[in-house]
Every structure is written in C-alpha cells, then in structure tokens.
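Everything on this sheet refers to the single structure shown next.
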Amino acid sequence: MSRVYNFSAGPAAIPEEVLFTVRDELLDWHGIGMSIAEVSHRGEEFIGVAEEAERDLRELLAVPESYHILFLQGGSRLQFDMVPMNLLANHKKAVYIDSGVWSNLAIREAKNYCDPHLATNAKELNYTGIPDQATWDMPNEAAYFYYVDNETVNGIEFPFIPDTDLTLVCDMSSNLLSRPFDVSRYGLIFACAQKNMGLAGLTIVIVHDDLLKRSPLPTTPSYLQYALHAKERSFINTPPTFAWYLAGLIFKWVKNQGGVAVLAERNQRKAAKLYKFIDKSNFFDNPINPTYRSRMNVIFRLADERLNSLFLKEATENGLANLKGHRLLGGMRASIYNAMTEEGVDALINFMGQFEKRHG
C-alpha cells in the first residue's frame, strides 16, 4: 500500500493508526457481528462509544464539570448563527474581531441578529497579523466577544487569549487539540471535526452551564438551542454516529501520543522548520507576521507564479497532495494538523528545495 502525505485543509489527514482501527472494526465492531455504523444510536453499544469519547475529550482538554460538551451536526458555519441566537439574550451588541475569511463570514451572519462591534480589523494589516491589543476598541458591555483562533485560509493564529471581561466565544475549528489552553477562560468554544478530529459532519461545542440559562432569541428553532441539546445529551435526533465514533478513536490516539502538550511540541517543530526554510529561500515567500503565523496552515507563494501548476503537478508526483492554496488567496497552503508527521513536513521541505534548484 502506498499512501501520500496529505496537506489538505479539510477534510484533512487522519492518523494511520486510527484508519487501521476503523478498517479492522468496520465489519464487526467488538464481536457484535455488525459495524458501529449500523447500530442504533440509542443502543448500549453506541451510548458507550459516545460517553467514552466525551470522557476522553474532557480529560484531554481538562474541561471543568461546569461545562457541557455537545456533539452536534451542521458544521462550524451553523455556529455563526447559533452563537448569536443563543447568547445575545437582551443585548443588542456583540464584539467580533475580523482576522480573516472565517471571522468575516461569522460577522456577516451576526448582522442578521445584532450590531457586531469590531474590536479590531486585521484588514488594516492586509490580514498579515492582528493589530496590537492596546489599540482595540472594547465596549464595557456586550453579549459576548467572538474570535477565530486560527484562520485556515489566511494562515493567521492567535498566540494568546484576548484579555477581556466579556464572555469569550471562540472558533477553534482548525486548532482544537493542537495545544493546551485554559478552557475556563471561555464561555463557549466550537470546532468542526474535519481538521483534527476526523470526519466532516460533526461539530463539537464546549459551553459553560451559565450560558445555557440565557434565553434564546424568540425565533430560534428548538433544534438550534444549546440548552435543549445539553438536556438531551446531543441525542435530540440521530447524531452523526460514525463521525462521533471516529472522533473518539482520535481522542484515544491523542492520549496514546502523550496528550495535547506532546502534540503541541511536535506541531511547533513541524511549523518552525517549514517557516525557517521559507524564510531562507529567495524563491518561496510567506507574508505573515512571524508572531501570528499559524502552526496549522502554512501559506506560501512562489516567486514566479507561472510555475504554480508545475509545482503542484510535481508535488503530486512526489507523493505530496493537496498543496493548492484557497481559491480566495491563491498560492500554496500546507495544512499540517496533528495527523501530519514530521517526516511529511521534511519530505515537503526537501521537494521545495529541489524545485527551487531546478526553477529558481
């Protein structure tokens, strides 16, 4: 079997050990004569899978007991609506940071429900970093403070948790489980699974119990109410059972790797060596302020963009897949989530060096 190094931004690479487990269990899960994909979501087999996945995630992230962990459908984009629907309550204002493509989309959705107040706008820096926090325009009162921890398209990542007394809401879709952080600083965190936690179709929400007491907007459908999902333990209807199962396997994999802190060190090494190569090169360029460079999504351009197609063609021929940049920005993007090995990053750097020698 020959597998390539997959640098896709999402759906993204899944650890091989996890894929082997899925293969071995697919037809007969734990001797029951059925696949876990075939069992009832309310049967004891899947209930056990679901409860174990939640316990493991709570342990990995040190999630306090005062938080519910929800396993939802709809992707992260649905959270752009669910957050204001559930958290605005009597407020007319919510604070947002525009740090790139995904935060901008969230801001657009929020305008359907409130007056989004921009604390700062990275557009002023051409989305190459975040303006200094001392310059942010912060109101004294608002329903919540929303930001995207890692912008997958723009290649920007927050190296700190914003300092605010407002309820923090964070989109961690592309870097949850990639580094330790203090969950208790947040009111709500959400992340789609297809970056670091498996399959598209599952979104994880970690929400403080106090926020579940807020009254949703009157027009909020019952299915979009966090409190109801919490009450029903994410079983209002049939959840994405196979994606939930796979996420649970990945949580086990993270534990077997030594936990989130061990992965954080590995992720830092992977990103550092790739950025170091790009910075030394006269052929490749990354425009992001080093302080805000993403460890998960490394964007770069070729000095001669007429060579883009050739670069991608030769990369694919060398077992390096899905390096094409997002359609809005162009260029290249290497997504190096938890499942990407250091050997994969080394192979990419070696190929880039050889390509530069031939065409630089």
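Placed from the backbone N, Cα and C atoms, the Cβ positions cover glycine too.
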Swiss-Prot annotation, pyridoxal 5'-phosphate site containing Thr152, Asp171, Gln194, Asn237, Thr238 - matching residue among Trp29, Trp102:
Trp102
Just the number: how many Å between the Cα atoms of Thr238 (pyridoxal 5'-phosphate binding site) and Lys195 (N6-(pyridoxal phosphate)lysine)?
23
Pyridoxal 5'-phosphate site residues Trp102, Thr152, Asp171, Gln194, Asn237, Thr238: biggest Cα-Cα distance, Å?
31
What count of other C-beta atoms do you get within 10 angstroms of the C-beta of Trp102 (pyridoxal 5'-phosphate binding site), across all chains shown?
20
Expressed to the nearest Å, what is the distance separating Lys195 (N6-(pyridoxal phosphate)lysine) and Trp102 (pyridoxal 5'-phosphate binding site) at their Cα atoms?
14
Which of the three DSSP states, helix, strand or coil, fits Thr238 (pyridoxal 5'-phosphate binding site)?
coil
